[in-house]
Structures are given as structure tokens and as C-alpha cells.
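For 1-63, 253-293, the entry in Swiss-Prot reads region 'Disordered'. What Swiss-Prot lists as compositional bias 'Polar residues' is 1-11. Per Swiss-Prot, the feature compositional bias 'Basic and acidic residues' maps to 14-23, 253-265. Residues or ranges marked as phosphoserine by Swiss-Prot on the basis of similarity to another entry: Ser30. For 74-222, the entry in Swiss-Prot reads domain 'UBC core'.
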Amino acid sequence: MNPFWSMSTSSVRKRSEGEEKTLTGDVKTSPPRTAPKKQLPSIPKNALPITKPTSPAPAAQSTNGTHASYGPFYLEYSLLAEFTLVVKQKLPGVYVQPSYRSALMWFGVIFIRHGLYQDGVFKFTVYIPDNYPDGDCPRLVFDIPVFHPLVDPTSGELDVKRAFAKWRRNHNHIWQVLMYARRVFYKIDTASPLNPEAAVLYEKDIQLFKSKVVDSVQVCTARLFDQPKIEDPYAISFSPWNPSVHDEAREKMLTQKKKPEEQHNKSVHVAGLSWVKPGSVQPFSKEEKTVAT
């Protein structure tokens, strides 16, 4: 029998007995009732123990915070955006081309037009970390070590970390590294040099420094037509002037440059009264046409 119902029945019985005794004048207090002990139902024999549901494993993430499976696409998009910025900046005398085999490697060349390194043509390679843009700053290595205080005389690597001690995402860009590589040839810095000899000569014997710079420029020019160190279809290479090939390309470039200028001149020409004859600088040289009346 259900204990709840049995307890209710006994209570009714006790209540009726008390009422009868009250009618006869005999008051009797009932003893204190004790609550029945609560028990959990027995566990069935074939029941399985209840366990806490396991939470799904966290999705693998790359170092830049994106899902690991999206990492290559995110990196490719970042590098494409960086190259677009380089093109828009139009850095004077600096040309770069991403590698065919790896987007993390760019080939480039710097043309120095004036200053101590005038007429210098320096080829280089930019190495971008595989966790870009969250890693260290890109490395820039010249194909031939240039005699410069900030260029390692053995490896040819430029001290880029001097300007980018900590690479900051969404703040630093590769075009800034290229601009820095160009600027070091116009503004010489000798503090904490990678080439101590070049730094000392620049500070104490500028003439000898200039002589060594000229020698370095000549070496780079003499080896300009050498095959690229890295075998890649997009590596930058130079060849001697060939009129049958280069003359036509030169004319096309000059023609494309003249057309915008001609269109601009036509657009700014305004028709109106003038007292100067075309081709003359003398005032009132234009003949007036009389109208017959």
C-alpha cells in the first residue's frame, strides 16, 4: 500500500477518535507524528550508469586565431592584400615579384639614383614567416652582400629588425620593409652595425668608405647578368640590351606614357577669345576678322 495513503487513513482515524473523546469531555493529546523516511527507488539490474556528457573537442586553431583548415586561405589572402599595397605605393626605384613556387618568398631589385650608392642595382629576396602576420618581421637578403653598415658582409641580410623590433599586425606592412631597404642607402645609420668596418670607415674615413662603396656597386653591376640564385620562373633576371627585343618594348612604354599626357592637354584646352596667334608669343599677333555689313 502507498505509505502516503496509509498515513492519511491513520490520521483520519485518529481525528475521529479524538473528536469522540472531546464530546465526552476527555481531552487526549495525540503523540507527535514522525515523517516517513524517504528512500530512492532501487536501480534496475540492466541499467547503465549515467555519465556526464563529454564536451566536443575545441576546434584546432592556427597561430593567427583562425580555424586551422582556413589557415592557408587566410595567409594567401593576407599576402595578396600586401602585394596590392606595394603596387599602390609606387615605391621609387623598387620592384618586387612574388615567387612562382611560394607566396612566402618575393624577389626584388632596388635602383639607387643618387647619393653615395648612385648607379647601384641591388637584387634581393624577401622571406615572409609562415605565420604571417603574427610572426616576426619579414627578412630581406641581398643576393650579393653590399658594403653597408646595416648589411651583414657574409650573408647579405639587411638589419630589418632595427626598424621593426616587434611586428604589429594590421599596423606594419611589407611595403614599409621595402621602403626601409631603399632609405638605408640614402640615410646612413652606423649605430649597432652588422658590418663594423663599414660603420667605422663612414665615421672616421669617409673617402675610404666611398671607395669601398664604389667597388661594391661595381661588383653588383658586373654580376647583374648572373643567373638567379634560386631557380624560379618568376625570379628577376637581367640580360644585355638586345635592340630586336628591347627597342620595341621601349617604344610601347614611351607611347603609353605620352597618350595620357596628350589626353590631359586636350581636356584642359578651353576655346575662347585670344589675341595671340598660335605658335607665337607676341601679344595682339592674331589677325582680326572683319565682318562685312
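Each residue's number is its place along the chain shown, starting with 1.
Glycine is no exception: its Cβ is also placed from the backbone N, Cα and C atoms.
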Open item on the list: Can you break down the domain 'UBC core' (74-222) into helix, strand and coil residue counts using DSSP?
Closed with: 52 helix, 26 strand, 71 coil
Open item on the list: As a test of reading the model: what is the averaged pLDDT for the domain 'UBC core' (74-222)?
Closed with: 95
